[in-house]
């Protein structure tokens with residue numbers, strides 16, 4: 001599978017998805033750690049891709065997303081943004097509402 005197809009598949013199969021360095025339990029950079037902490041406070045299920053384990057995705061996603069840095073939060077197929085945007089939305093209560101609405105649209109089996 002081509003890298004771009006893999007990215008599109010990941011985004012379509014995960015209503016809430018973060019591309020990050022490391023994992024939610026063991027983030028490998030401060031930006032990823034802060035972003036995933038905000039997501040975890042929202043108490044909704046989310047997927048993640050560790051870009052350190054997937055150099056092809058790390059190389060191609062910035063061009064596809066037109067967003068140069070990581071982490072990247074994708075919600076319902078749309079790029080929300082990186083760490084600063086995630087934290088700003090969380091502090092304003094917008095992230096919690098967005099994620100709760102999307103999680104309700106896609107109940108876990």
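Every residue gets a Cβ built from N, Cα and C, even glycine.
For reference, Swiss-Prot has these:
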| type | residues | note |
| --- | --- | --- |
| BINDING | 21, 58, 70, 83, 84 | glutathione binding site |
| BINDING | 29 | [2Fe-2S] cluster binding site |
| DOMAIN | 4-106 | domain 'Glutaredoxin' |
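Secondary structure at residue 29 ([2Fe-2S] cluster binding site), as computed by DSSP, is coil.
Sequence-distant contacts of residue 70 (glutathione binding site), defined by Cβ-Cβ distance under 8 angstroms and a gap of at least six in the same chain, are 19, 20, 21, 29, 31, 32, 51, 58, 82. Using a 10 Å radius centred on the Cβ of residue 83 (glutathione binding site) and all shown protein chains, the other Cβ atoms total 22.
Across the residues annotated as binding glutathione (21, 58, 70, 83, 84), the two Cα atoms farthest apart lie 19 Å from each other. Confidence across the domain 'Glutaredoxin' (4-106), taken as the mean pLDDT and rounded to a whole number, stands at 97.
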